[in-house]
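J.: There's a structure below that I have some questions on.
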Amino acid sequence: MSETYDFLFKFLVIGSAGTGKSCLLHQFIENKFKQDSNHTIGVEFGSRVVNVGGKTVKLQIWDTAGQERFRSVTRSYYRGAAGALLVYDITSRETYNALTNWLTDARTLASPNIVIILCGNKKDLDADREVTFLEASRFAQENELMFLETSALTGENVEEAFLKCARSIPNKIESGELDPERMGSGIQYGDASLRQIRQPRGSAAQTKQQCNC
């Protein structure tokens, strides 16, 4: 009945309205393009189990509305997110210019160490491009983000965007930047034995003490 997995990661898909966030989620979950997609009202949800470094990981993905009138609602879903796709439309400079605000929200409301990948969506509309690859690459580098251009229509780089983000999370667990034992980390163990992943530097006693708080 229930799915078995080693880890569960909470993901967000954030960005301005009309950037194709719901279509990216649908392409990743269903492996097909979502025709006649309307603007998301509030939040939508999807999940998929993937393989990350030999571990089975369930991605629990929240697709948030990009319209300003829903921001107060969607911000509540940022809490406890381990990863995020920050999406803009390569044919709309307005959506690109709004990225800083979305990024600030994510790092303030979710976690300073949330893993974020910048996605320039609608790559299939290259002839109508308003934001160059180089410009977005620089933004990503300056803000310590991963970066890919994607197409929810053709599926190009959609799978890779989610998986690239997911692959970075175990590294942050091992380095101590993300702590699955901390409430709101956006990470849950499906297999209790995996708690050993974060026992470097002789921190077992410290972790035990933290858990008793």
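Note: Cβ is positioned from N, Cα and C throughout, glycine not excepted.
In case it's useful when we look at the structure, here is the feature table from Swiss-Prot:
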type	residues	note
BINDING	18-23, SER37, 39-40, GLY66, 121-122, ASP124, 152-153	GTP binding site
BINDING	GLY18, THR19, GLY20, LYS21, SER22, CYS23, ASN121, LYS122, ASP124, ALA152, LEU153	GDP binding site
BINDING	SER22, THR40, ASP63	Mg(2+) binding site
LIPID	CYS211	S-geranylgeranyl cysteine
LIPID	CYS213	S-geranylgeranyl cysteine
MOD_RES	GLN67	5-glutamyl serotonin
MOD_RES	CYS213	cysteine methyl ester
MOTIF	39-44	motif 'Switch 1'
MOTIF	65-74	motif 'Switch 2'
J.: Suppose you look only at the motif 'Switch 2' (65-74); what would the mean pLDDT be?
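T.: Looking only at the motif 'Switch 2' (65-74), pLDDT averages out to 52.
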J.: Among SER22, ASN121, the binding-site residues in question, whose Cβ has the most other Cβ atoms within 10 Å in this structure?
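T.: Sorting the candidates by Cβ neighbours within 10 Å, the top entry is ASN121.
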J.: If you draw a 10 Å sphere on the Cβ of ASP124 (GTP binding site), how many other Cβ atoms land inside?
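T.: The answer is 16.
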J.: For ASP63 (Mg(2+) binding site) and GLY20 (GTP binding site), determine the Cα separation and express it in whole Å.
T.: 10
J.: DSSP secondary structure for GLY20 (GTP binding site), reduced to helix/strand/coil, please.
T.: coil
J.: For LEU153 (GTP binding site), what is the tally of other C-beta atoms lying within 10 angstroms of its C-beta?
T.: 17
J.: State the count of C-beta atoms found within 10 angstroms of the C-beta of ASP63 (Mg(2+) binding site), not counting that atom itself.
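T.: Total other Cβ atoms inside 10 Å, all chains included: 26.
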